[in-house]
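Residues annotated as ATP binding site in Swiss-Prot: H15, D164, A165, K166, R230, F231, D239, R245, K246, A262, K266. The Mg(2+) binding site annotation in Swiss-Prot covers D17. As annotated by Swiss-Prot, K(+) binding site applies to E43, with the evidence given as sequence analysis. Summarising the annotation, Swiss-Prot assigns L-methionine binding site to E56, Q99, D239, K270. Under the heading region 'Flexible loop', Swiss-Prot lists 99-109, citing sequence analysis as support.
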Amino acid sequence: MAKHLFTSESVSEGHPDKIADQISDAVLDAILEQDPKARVACETYVKTGMVLVGGEVTTSAWVDIEEITRKTVREIGYTHSDMGFDADSCAVLNAIGKQSPDINQGVDRADPAEQGAGDQGLMFGYANNETDVLMPAPITYAHALVKRQSEVRKDGTLPWLRPDAKSQVTFAYEDGKIVGIDAIVLSTQHREDVTQADLIEGVMETIIKPVLPAQWLNKDTKYFINPTGRFVIGGPVGDCGLTGRKIIVDTYGGMARHGGGAFSGKDPSKVDRSAAYAARYVAKNIVAAGLADRCEIQVSYAIGVAEPTSISIETFGTGKVSEEVLIKLVRQHFELRPYGLTAMLDLARPIYQQTAAYGHFGREGFPWEATDKAEMLRADAGL
């Protein structure tokens, strides 16, 4: 029987790159709240004592970049100068300018339905049936670990935790099915006065055990909890952070391909983001319909052109109908032009800051996670 291991990682909301993502999306949300048709490309850089917010925006809205930045950092938990990064004292630099009119003329149209793609590019969507949310298990549980770290930090269960943390989970598979967890890595920033023994016990009992299913843990499972022995210096003091540097964490943990475009800070006219959401919606509905156990869809676009330049689907030998039939069903039931997919998923609204930590996919409540097309797909496929 074929055996293999697969690993995915995640990072907490206090990781420097995720601070940057959340600030970029907080700015985007604030603008969309006033101007749903705004064009926004917001990038953020964080380092010890400073935040630089830049990019290109076309909007009728006015937002307070400094206040949005400080509020976001405060909510994450960087509120003391002894952390090296403090929401109330860090410098906030604003370098936002206007979007190029050359891009605008290629995107905007008299007929909104003919709105062109904001850039060229290729995007992937993926789903499989190894978890209830139709996501790969390694990234699902890697996210769950750092999400739990944040919860027990904020509610005071483990008061010595600090915001920066990373997780990594290695699953063992046999003939494509999960048979256990081979290794778990969890590194968390902490106060200087906590002992390694107390930290290991606290992390194991309040983070790892409540999150990971007991049936997948066994005597051979390996645990690496703060394996360097010390993680006091973290956040933007330890490393600079930049928007868009956690694209695999944001998506499928490496189990699906990635077109290379980041999500955070981009309004829905940017197909890097909106078409990746639509592709997830398509793949999830195909799997939910029982048309495949695994599904990866690729879409591609040309700048200024509404129709996708290509659609392709891979089901890895698990499809119940041909991939040609699936593509026909996708064209019939899903709108993949930029204006149409924005309307289909109701994307022109302030929903993005909440996506910017713990993954954009596999979290109920987002429109691209709905499986409302599954029954129609199944019926039209003749199953």
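Using the three backbone atoms N, Cα and C, a Cβ is placed for every residue, glycine included.
On a predicted model such as this, the values are computed, not experimentally measured, just so you know.
Features per Swiss-Prot, on structure.
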residue: H15; record: ATP binding site; DSSP class: coil
residue: E43; record: K(+) binding site; DSSP class: strand
residue: E56; record: L-methionine binding site; DSSP class: strand
residue: A165; record: ATP binding site; DSSP class: strand
residue: R230; record: ATP binding site; DSSP class: coil
residue: D239; record: ATP binding site; DSSP class: coil
residue: K246; record: ATP binding site; DSSP class: coil
residue: K266; record: ATP binding site; DSSP class: strand
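Taking the Cα of R230 (ATP binding site) as the reference point, the closest of the binding-site residues D17, E43, E56, K270 is D17. Of the listed binding-site residues, namely H15, K270, the sparsest Cβ surroundings within 10 Å are found at K270. When the record's ATP-binding residues H15, D164, A165, K166, R230, F231, D239, R245, K246, A262, K266 are compared pairwise by CA position, the greatest distance found is 36 Å.
Take the Cα of D239 (ATP binding site) and measure to each of the binding-site residues D17, E43, E56, K270: the nearest one is D17.
Most Cβ neighbours within 10 Å among the binding-site residues R230, K246, K266: this distinction goes to K266. There are 22 other CB atoms within 10 A of the CB of E43 (K(+) binding site), with all protein chains counted. Considering only the binding-site residues D17, E43, A165, K246, the residue whose Cα is spatially closest to the Cα of K270 (L-methionine binding site) is E43. Note on proximity: of the binding-site residues D17, E43, E56, the one nearest A165 (ATP binding site) is D17, by Cα distance. For the binding-site residues D17, D239, counting C-beta atoms within 10 A of each C-beta gives the highest total at D17. If you compare Cα positions, K246 (ATP binding site) sits closest to D17 out of the binding-site residues D17, E43, E56. Ranking the binding-site residues E56, A165 by how many Cβ atoms sit within 10 Å of each one's Cβ puts A165 at the top. Taking only the Cα positions, the spacing between E43 (K(+) binding site) and E56 (L-methionine binding site) is 9 angstrom. The binding-site residues shown are H15, D17, K266; of these, the one with its CA atom nearest the CA of E56 (L-methionine binding site) is K266.
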